[in-house]
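Now, the feature entries from TrEMBL:
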type	residues	note
REGION	27-84	region 'Disordered'
COMPBIAS	54-78	compositional bias 'Polar residues'
DOMAIN	181-476	domain 'CDC20/Fizzy WD40'
REPEAT	227-268	repeat 'WD'
REPEAT	310-341	repeat 'WD'
REPEAT	445-476	repeat 'WD'
Amino acid sequence: MAQFMFETDVHGLLKLDTPIRNAPPARWQRKAWDSGAHGPSPAAGLSPMKMANRSYSSSKTPSRTPGKSGSKIQSTPTKAGGDRYIPSRSTMHMEMANFLLTKENHPAEESPTKKEQQKAWAVNLNGFDIDEAKILRLSGNPQNAPEGYQSNLKVLYSQKVTPGSSRKNGRYIPSMPDRILDAPEIRNDYYLNLIDWSSQNFLAVALDNSVYLWNHASGEIIQLLQMEHPDDYVSSVSWIKEGNYLAVGTSNAEVQLWDIQHQKRLRNMTSHSSRVGSLSWNSYILSSGARTGHIHHHDVRVAEHHVATLAGHMQEVCGLKWSLDGRYLASGGNDNLVNVWPCTQGDSGNFAPVQTFSQHQGAVKAVAWCPWQPNILATGGGTSDRHIRIWNVCSGTCLSAVDTHSQVCSILWSTNYKEFISGHGFAQNQLVVWKYPTLAKVTELRGHTARVLNLTMSPDGATVASAAADETLRLWRCFEMDPIKKKEKEKAKNARSSIIHQGIR
């Protein structure tokens, strides 16, 4: 294509000179030739490999000038629109800007009614209040959008782009149990507490008139005790925090204390007059709940072990749990009540509950304290209630509640996640993992063919064991930590323990 040079004459006018025929091709023409967008490529008849090589080399130094093609003269492609941005005056509110500029020089005295009327007209006509409009806004807060305004770009700009390396998917919770153990002759009684997992990784299971220990690390099974009378049975078990002593409640109103290392009974504590269905430790104080509705405190260090009696239930105490800080004892009974007891006596020398919750409509066996908020308590009701309720024991308020549509038999808080798990009976016999504090359902774990009687958790907080009336124990790895987070948690724990030891020394 010929190009022309322009120069000015003596009068300042442009005049046309002779064409320069050997000028290099225009940039757009070279680009179009290299990409094959205009006309066939010169290497169309070559093999694919050679064509790739030829196109690669020709993209830098074309073999011939496109403007001198013998077959066809290429022309400038037609583009939709010009190459300059020309703003649309209709969208710039020129008339509105002129009005605002002249308005400041001619203030008008108008009544409030007139101003409101003009404001309504302006909003209807322009979509905004002209009194708040500004030609330029260089500082200050952004102008508020009118009520009900919907931006077409809201979805586009509200999306937060997350790098692929930092995206977190929902954690995987296996729907099948990690292990299934037989539990023959386990008593199908809602009011009993028949399993507990120690800090030394021993799982204690009460099967009718016997107690067995299962070592989770080695798989060894030990028969710890068997009741002397065949009509008696074990009604509750509970480990001390250190994991070297096991408390056993029986149907003949006894509370036994067993040394696990030597596998022998240390003492019998008799103070109740009916079966002991619930037990809970607070340091050296062992609390026991009986069918009469009474709760006894036992000091296991002294001969006169019975040191206090709590009388706040009219029927059997089936749920009993000390808070992790040892300040409160929560008890649930067959009378549908939840009592929160202090660790010390009142001014009168008697124990009185600091809170009594009566919202449940069924027996309350499931009681559990939140591990990261000591004043938060979760409770669950029986078949006629089926609700899980979250309480603040300091204020006495119910923070939230959820209808589970099933009998609630047990609740455990996770120490690895802001979640808790509940075990259920009639009618679905499932385990449910809940998010806290939203109480959104994370997942359901199914497999038991009869109601879940009790839940207990492994010392590392990763595995939950469920005992059911179908005579099986199932181990669910529902709270297993991410390996990186687990390593960080162990490192922080070791650092904290080393600081404590240094302080003691």
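Cβ atoms here come from the backbone N, Cα and C positions, even for glycine.
TrEMBL: automatically predicted annotations, no manual curation.
Small disclaimer: the values here were computed from a predicted structure and weren't measured.
Helix, strand and coil content of the repeat 'WD' (310-341), in residues and according to DSSP, is 0 helix, 18 strand, 14 coil.
The DSSP breakdown of the repeat 'WD' (227-268) into helical (H, G, I), extended (E, B) and coil residues amounts to 0 helix, 23 strand, 19 coil. Confidence for the repeat 'WD' (445-476), expressed as mean pLDDT, is 96.
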